[in-house]
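According to Swiss-Prot, the domain 'Protein kinase' annotation covers 23-277. Swiss-Prot lists Leu29, Gly30, Ser31, Gly32, Ala33, Phe34, Ser35, Glu36, Val37, Lys52 with the feature ATP binding site, giving sequence analysis as the kind of evidence. Under the heading active site, proton acceptor, Swiss-Prot lists Asp143. Taken from Swiss-Prot, the feature region 'Autoinhibitory domain' applies to 277-317, supported by similarity to another entry. According to Swiss-Prot, the region 'Calmodulin-binding' annotation covers 297-318. Residues annotated as region 'Disordered' in Swiss-Prot: 326-388. Annotation source Swiss-Prot lists compositional bias 'Low complexity' at 376-388.
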Amino acid sequence: MGRKEEEDCSSWKKQTTNIRKTFIFMEVLGSGAFSEVFLVKQRVTGKLFALKCIKKSPAFRDSSLENEIAVLKRIKHENIVTLEDIYESTTHYYLVMQLVSGGELFDRILERGVYTEKDASLVIQQVLSAVKYLHENGIVHRDLKPENLLYLTPEENSKIMITDFGLSKMEQNGVMSTACGTPGYVAPEVLAQKPYSKAVDCWSIGVITYILLCGYPPFYEETESKLFEKIKEGYYEFESPFWDDISESAKDFICHLLEKDPNERYTCEKALRHPWIDGNTALHRDIYPSVSLQIQKNFAKSKWRQAFNAAAVVHHMRKLHMNLHSPSVRQEVENRPPVSPAPEVSRPDSHDSSITEAPILDPSTPLPALTRLPCSHSSRPSAPSGGRSLNCLVNGSLRISSSLVPMQQGPLATGPCGCCSSCLNIGNKGKSSYCSEPTLFRKANKKQNFKSEVMVPVKAGGSTHCRGGQTGVCLVM
């Protein structure tokens, strides 16, 4: 079970005047506005860790860090990144994290070449096991999403690790009320600003499972406000042809997790007993071609959203694992300062931004129709009304936005504006186009041709054009 240390994180901090006396700084793994993450080697033991160096600043909320520490120091599970130690100096906090070098979930799927339902089932089984452990210890993650699922090592049989506990919460009487998370993965009760429980994590696992089997999210709309309305309605589809080769057992599993009523939604314990997880109903048919294409299209890499969270210390994948003991990696970086504060990124809105490349289809070839196959557990809602959404800025203040548009989902093609497939209207019998929520896709894989910004279609003056957009939202009650 979890560690039994005192709740006051100050009792856990070790004071230091020079962190380099304890660790050898080897190379940078990543950086954010207030922190940098280094590959370090402990001088006494020779062990390798990821060291997150957080610069003390009036703009950085100590309460957020202490919440993260309070959660991380309580837990110890084979599928959860471990907080090993904490140091503090007059200028920095230092979080010593377990080194995770296997890369992100999506990256590994793209590298496989062959991918089946059974592969997805094994991933979700590990996630359910870890989240079940969190829930048993009174902890709700609240921000489960694919980019928070990393592989421990580059080996093919590596374990999945859950990271990023910045939004985690220790339950008080089993109920919480602060609305937070990532659009597209947030449960309906959170968006409805109702009190919620650990069931929100199970909803997120349902969304992740859906994505792993088709490459795009279950909820996508033209605007954030419409996206939120669709999530609150709890309505989604298993569209053809993307779901034609997926088993009914997998769809049933998803339906039980994407249950609108949190009281009827599967718990982690129930989900672990489902035949798709615990039985032999997950198919071994290769779904790589379709899923990989949709993942590359809908989850483009976005450098301006690459802010490191407490446990997300991976950027060196296979290169790091293969060279850990080579002379070039053992070379110290003694002259590098612990932190070089990066300027806060702003929302890109240049019309000249680069876009995700897409092949041009033969205009004489008709586009495949997307047949609507409603989930048997859902009823079709009326068209969602428009609305405004609250976008949380870096300093915590709120602004109103109604123009942000997620990426569009559908077969790759060139849009009517000539820029990208995101502008393409794909549907059947006048139905609106299908959109997906663009998500951070960190990857050092040179094989993939991802651009630095997520491109979204924006209607202006009767025409559609592309520009960069941000969808990360935290709703604060």
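For all residues, glycine too, the Cβ spot is worked out from N, Cα and C.
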*Could you tell me which of these binding-site residues, Ser31, Ser35, has the greatest number of Cβ atoms within 10 Å of its own Cβ?*
Ser35
*With H, G and I counted as helix, E and B as strand and the rest as coil, say where DSSP puts Asp143 (active site, proton acceptor).*
coil
*Cα separation, Asp143 (active site, proton acceptor) to Leu29 (ATP binding site) (Å, whole number)*: 22
_Ser35 (ATP binding site) to the residue listed as 'active site, proton acceptor' - Cα separation in whole Å_ = 20
*Roughly how many Å separate the Cα of Val37 (ATP binding site) from that of Asp143 (active site, proton acceptor), to the nearest whole number?*
21
*asked:* To the nearest Å, how far is the Cα of the residue listed as 'active site, proton acceptor' from the Cα of Ser31 (ATP binding site)?
replied: 20
*So how many other Cβ atoms are close to Asp143 (active site, proton acceptor), meaning within 10 Å of its Cβ?*
22
*Val37 (ATP binding site): tally of other CB atoms within 10 A of its CB*: 25
